[in-house]
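Among the features that Swiss-Prot reports, signal peptide is placed at 1-23, with the record citing sequence analysis. Among the features that Swiss-Prot reports, 4-hydroxyproline is placed at PRO49, PRO50, with the record citing similarity to another entry. Residues or ranges marked as disulfide bond by Swiss-Prot: CYS53-CYS68, CYS58-CYS72, CYS64-CYS79. The 4-carboxyglutamate annotation in Swiss-Prot covers GLU60, GLU63.
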Amino acid sequence: MMAKLMITVMMVLLLSLQQGADGRSERWRKNQMAASRIMRNLITARGDPPRFCVHKICYEDSECNQWCTGGCNPTQGKCDTA
């Protein structure tokens, strides 16, 4: 786990150091956005985004992850966001 985190941090640092010269500014900007998104996810330790809740089949609320704020929808048998 620590090695994976270190690799991710190194990747983010490399993306952050890339220069936006010679017509590469758009790619550099996209890399900056990706790097900041990765760091934000690492800092907040987020799991799956909410869009994956509707695909998870469940029988009780405890089977749904933290993003499925609606818990288990008994009529559909799937996790729900609200």
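Cβ atoms here come from the backbone N, Cα and C positions, even for glycine.
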Count the other Cβ atoms sitting within 10 Å of the Cβ of CYS72 (disulfide bond), across every protein chain shown. 20
Integer Å value for the Cα distance linking CYS64 (disulfide bond) with CYS72 (disulfide bond) is 7
Could you check the disulfide-bonded residues CYS58, CYS79 and say which one's CB has the most other CB atoms within 10 Å? CYS79
Let me make sure I understand the structure: which of the disulfide-bonded residues listed (CYS64, CYS68) has the fewest other Cβ atoms within 10 A of its Cβ? CYS64
Relative to the Cβ position of GLU60 (4-carboxyglutamate), how many further Cβ atoms are located within 10 Å? 9
Inter-residue Cα distance where the pair is GLU60 (4-carboxyglutamate) and CYS68 (disulfide bond), in Å: 12
